[in-house]
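In what follows, a structure is listed as structure tokens, so that the remarks can point back to it.
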Amino acid sequence: MPRDTPQTVPGHSPFWPLFFFTHNNKREARHDLARLSLTLMPILPRLFHRTSRTSSADTQRDARTPPNASPLHGEPGRTPRSRGELGRNLRLRSNAQTSGTPGTPARPQIRASASRTAPSTPQHPQGTEGTRTVPNSPLHNDARVFRERADHTGLSAWRTEMLTRFIEHSRKHGLANDFEQVRVYDRLSRAVDHLKSVLRMSGDSVQLKSLPVPELPDVTFEIAHLKNLETVDCDLHALPATLENLFLLETLSLKGAKNFKALPDAVWRLPALQELKLSETGLKSLPPVGGGSALQRLTIEDSPLEQLPAGFADLDQLASLSLSNTKLEKLSSGIGQLPALKSLSLQDNPKLERLPKSLGQVEELTLIGGRIHALPSASGMSSLQKLTVDNSSLAKLPADFGALGNLAHVSLSNTKLRDLPASIGNLFTLKTLSLQDNPKLGSLPASFGQLSGLQELTLNGNRIHELPSMGGASSLQTLTVDDTALAGLPADFGALRNLAHLSLSNTQLRELPANTGNLHALKTLSLQGNQQLATLPSSLGYLSGLEELTLKNSSVSELPPMGPGSALKTLTVENSPLTSIPADIGIQCERLTQLSLSNTQLRALPSSIGKLSNLKGLTLKNNARLELLSESGVRKLESVRKIDLSGCVRLTGLPSSIGKLPKLRTLDLSGCTGLSMASLPRSLVLPRDGLNVIFPEHLKTDVGNARIQQNPRARLLEGHLERQNEAMNHAMFGDDESVGSMTSVPDNEAGVVSMAFHAKHAYKRLERLRQEAGSSMAAPMRNNDAESMRRALAYAFRSMSDLPTFKKLDNAARSLSYEVQEQLADLVAAPVGQKLVKAIAEGAYGAGRDARAIEQMLPELATRIANHPEIQQLREQAKRYPSSLPPEKLAAKLTPLIQPLWDGTRAVAPMPGQLRQALQDLLVTAEGRQLASEIDRAAHSHRAGDEGKALRGLLPVLAAKIGSDPRVVRVREFVSRHTFGSPQQRAESLAQTLTPVVQELWAQTQAEVAKQGQTPAASPSRQR
């Protein structure tokens, strides 16, 4: 290779994407190339010609590649044949880009690549000639490789200038950072692309974000169709007068431009401008307003604006004005002369203390924060419909406040108001009134009850101790009086016939008026934190529309009887001395879905509770006197999903049916110290699937032990570990004790170490099973047994005389999943089948190697058994002619068919998925299964050491070799095309043919690992 040829990664061409086609057909490849020719034309000469064989001392720019040079020797070769019209076009285009003279073969000038640095990065600012960099990059100004199209927009120059300024500024202030320069260059490039797309009529909006640019490119103000211009966190200093060229601009938004000090006069001459947003800028003033402006929305936020511009009253189309966190000291009286102004928002303007006398046509006024302490008279804001004054110094409302005939919504929160004017009763259009957190407000005027249109009233956090007569507020639907000194309700309170939601919490109420029962529209009643409230009126139980009743932290000891047809859905009584609930609650409150009676003095629940057929949640926590639940009351709760009995320390027993409730998902018994194991129903100790039982701490160990004894997988694992311990003792000490037939005795020290290693992990798994058994969601598998396996075990029990042997078989069979039980049930009738069932169970759930991997493969094993044609034939025969194929005979015939499937599954289980798939065809024959087992032992055995670890790393490579080997591909294609013999015969032929091939590839893999292990650094003998 010539010395000036660029280095490339082996196996990769530097221009590989240009030669990658998805079709093999040459005609389609030429079509692909033709479609790319227009965009790739400038660099095609570099693809068809190589650099010259000149030495490094030669002048590179004078180097030439001889015409028709051989790509290997640089010698003249054969004349390339014509490629048709495309070839002629390529040659013409190539000749046009070269510097050849007439009479001399024109070839493109090729520059040797002196560097392969990352293109266009600040870390490589010194671009040498020939470096592959991005053309015209501001970080590589001297680097040129490809001819670039002329930029008539000036955007590239603007990008270069802005980046240069940024770099100079960073260096000047000691903030130079290459990575930040890269990010800025990337953002500038994306901004340039965005502007170009808008220039191409791809949109009518420009959004620029986080750019350190003091000015926008001139071309921005030449986009005649631009409608929206927005900058966010751009370091703009000014906008040019050419802004007025954007005669279609509708929205102008500048946010985060701290150095933006002046707005050009042209902004008022934009005929289509409707919205102007100036947030977080440095503006202290605005230019004088000219006539003809179409501005409708003006927002100035977080800016040091000191005054509104002259001629502000000329904005005759301005409808919304928002001034937040500015330095305004006063508002121009011209605001009242704005005929279209509907919304005025003044938030957090610390120097603004008063409003102009007239607000004109303003319909919505928002005053949040600030020092405004008074409002204009009603005549100055006669159009007002919505008033919001929050966190303000407002101390008084105007006396004629009631003259605001259009006012519908008022919020006066956290102010210094002491009282309300009497004229407030004249606000007949008022719908919502919120008076929250006004600590100096102690009373309401008598006229307050005349607000006939009022629908929602909120009086929270005030000093109000009584309400005026409310008879006139007939439209009131929501009343909230929380955290007040309210001591009583008016006598005519029951006249609020439309009241639907009432909250009286944390007050000084002692009782509710008897006419509360007349509130027939009432749906929710909240009485929380009323410590002095001891009784409820009996009429309360006859509120047929009441859906939610909440009593918390009160002194109520008894609930009133419920009337027939009650609509109550939620009843909550907490932290109260309640001693009983109505005996007929289950009859009268059939719609009840949530019943919470916590921290009360209840001793028992009425039996009628069992008739609450819609009840979904029952909470009885921290009832220290609750001793029992009635069986008749619990067993009929068919819809209940959660029962909370936590903290019921005197509870000594539970209904036996509680764990059998069909929809129960959670039962909380934590803190029930009076319960014992004897008092727990079996349906809780061994819960059904999906039932979460939270036991008290003192019972968790006993419950776990009881569950572990009923868990077939745990018993299987314990038995397997016991036999392994016997086998290890026999191997180490030569005991004469008999060793279980399912456990082989290790014949050397390595075998004992391996068995001990796997036993250690099995003990950890057993400990996890014990912990899970004591947890709330532990559920034994006794209800997951297949019906066919139950029948098979019953048949085996009658024929087996040895009970311990049957117990082992029972544990093994029932530890399997449902689908595996279905496929193995036929094997239990014969001893040879029983042995296979126990082997499969111990392989998946025992203490052996790869148990977890084998467990995950069991569903696939079940599928293969179900789809095996000979097994299907035998089962069909036994079903049709049971006398000709009894269970013992069927089991004896099925076992040798299922045994190979199990052996193959056990061999490939720990292997990667690709290798498992590659070896599936081999598992039909004994030789193939033996080879798979050999690969498994060599790669995954505990005693394999470093060699096994290396082999495991190469297993995916082995799978790829098997899948791509030409012999394997040909054999599989041949078998798929021909239908000789039966499917079983074809599978056996395929396995017999592929086994030697895979054996050869496996031997090569082993040899490669062995070769790697013979290096001097890895050989202790050589080190010595």
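For all residues, glycine too, the Cβ spot is worked out from N, Cα and C.
Keep in mind that what you see is a predicted model, and the values were worked out from it rather than measured.
Taken straight from Swiss-Prot:
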REGION    50-139  region 'Disordered'
COMPBIAS  75-88  compositional bias 'Basic and acidic residues'
COMPBIAS  92-102  compositional bias 'Polar residues'
COMPBIAS  112-139  compositional bias 'Polar residues'
REPEAT    192-218  repeat 'LRR 1'
REPEAT    223-246  repeat 'LRR 2'
REPEAT    248-270  repeat 'LRR 3'
REPEAT    271-293  repeat 'LRR 4'
REPEAT    360-381  repeat 'LRR 8'
REPEAT    382-403  repeat 'LRR 9'
REPEAT    404-427  repeat 'LRR 10'
REPEAT    429-450  repeat 'LRR 11'
REPEAT    451-475  repeat 'LRR 12'
REPEAT    521-543  repeat 'LRR 15'
REPEAT    568-589  repeat 'LRR 17'
REPEAT    590-612  repeat 'LRR 18'
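Beyond its flanks by at least six residues, the repeat 'LRR 10' (404-427) meets 363, 373, 378, 381-398, 433-438, 440-451, 453 of its own chain at Cβ-Cβ distances under 8 Å. Under DSSP, residues within the repeat 'LRR 9' (382-403) fall into helix, strand and coil as 3 helix, 5 strand, 14 coil. Beyond the repeat 'LRR 12' (451-475), the same-chain residues lying 6 or more positions past its ends with a Cβ under 8 Å from any Cβ of the stretch are 424-425, 427-445, 481-493, 495-498, 508. The list of residues near the repeat 'LRR 15' (521-543) in space but at least 6 beyond its ends in sequence, with Cβ under 8 angstroms from a Cβ of it, reads 477, 497-515, 549-563, 566, 582. Sequence-distant contacts of the repeat 'LRR 1' (192-218) (same chain, six or more residues past either end, CB-CB distance under 8 Å): 153-156, 158-159, 162, 165-166, 169, 184, 225-240, 242, 248, 259. Long-range neighbours of the repeat 'LRR 8' (360-381) within the same chain, counting only residues 6 or more positions beyond its ends whose Cβ lies under 8 Å from a Cβ of the stretch, are 335-354, 387-398, 400-404, 406, 416.
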